[in-house]
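Participant: Here's a structure for you.
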Amino acid sequence: MSAPRIGVLALQGDTREHLAALREAGAESMPVRRRGELEAVDGLVIPGGESTTMSHLLKDLDLLEPLRGLLADGLPAYGACAGMILLASEILDAGAGGREALPLRAIDMTVRRNAFGRQVDSFEGDIAFAGLDVPVRAVFIRAPWVERAGDGVEVLARAAGHVVAVRQGARLATAFHPEMTGDRRIHRLFVDLVTGVV
């Protein structure tokens, strides 16, 4: 079987780190900035960044509705931090003044932006992750958390009593940044979701 082609939405965030992590996890990876690139991938990573800015870049580049359509048609997706926020069906504290974060509605969950606090409240720690024997080193930067996980959404990890990782079908989301550590198990899990191994 050939390696899946997985795109990384390259509007903001740790694009290079995600591209490298996906390659190390066995995928062919490519940056995605245009509709044609979006339509050429088997799966998509939405990295961290600023969710309101990313939403409006998607809109300005005419990617928002095509991406929503591809997700509705079943495109596998993984969102980290701001990516988790965007994959949600509902966003709390989404922003104001016409600059709100816009939900892609790919995972049936309600996510609260910046739930763990501001930049100064960023932290890291080891957390248990469903299906993995050894805890994951999780880096949280102005991280969200999941306030509601819908039916069919599997909770994969918690931190400080809050849900910070979920899966729904071939959709994965984490409130933390696995690309910032050398641990490739989260990216490998997403590659397996794209190829249908899990």
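Keep in mind that glycine also has a Cβ here, set from the backbone N, Cα and C atoms.
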Participant: The L-glutamine site in Swiss-Prot lists Gly49, Glu50, Ser51, Ile141, Arg142. Which one of Arg23, Arg68, Arg113, Arg167 belongs there according to the record?
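Facilitator: My reading of Swiss-Prot gives Arg113 as the candidate in that site.
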Participant: For the L-glutamine site made of Gly49, Glu50, Ser51, Arg113, Ile141, Arg142, how many Å separate the two farthest Cα atoms?
Facilitator: 13
Participant: Which residues, sitting 6 or more apart from Ser51 (L-glutamine binding site) on the same chain, put a CB under 8 Å from its CB?
Facilitator: Ala82, Ile85, Leu86, Ile91, Gly95, Ala101, Arg113
Participant: Could you check which of the active-site residues (Cys81, His177, Glu179) sits closest to Arg142 (L-glutamine binding site), going Cα to Cα?
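Facilitator: With Cα distances computed to Arg142 (L-glutamine binding site), the winner among Cys81, His177, Glu179 is Cys81.
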Participant: Around the L-glutamine site (Gly49, Glu50, Ser51, Arg113, Ile141, Arg142), what further same-chain residues have their C-beta within 8 angstroms of the site's C-beta centre?
Facilitator: Gly48, Cys81, Ala82, Ile85, Asn114, Pro144
Participant: Measuring CB to CB from Glu50 (L-glutamine binding site), give everything in the same chain under 8 Å that is also at least six residues away in sequence.
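Facilitator: Counting only residues 6 or more apart in sequence, the Cβ neighbours of Glu50 (L-glutamine binding site) under 8 Å are Gln12, Ala82.
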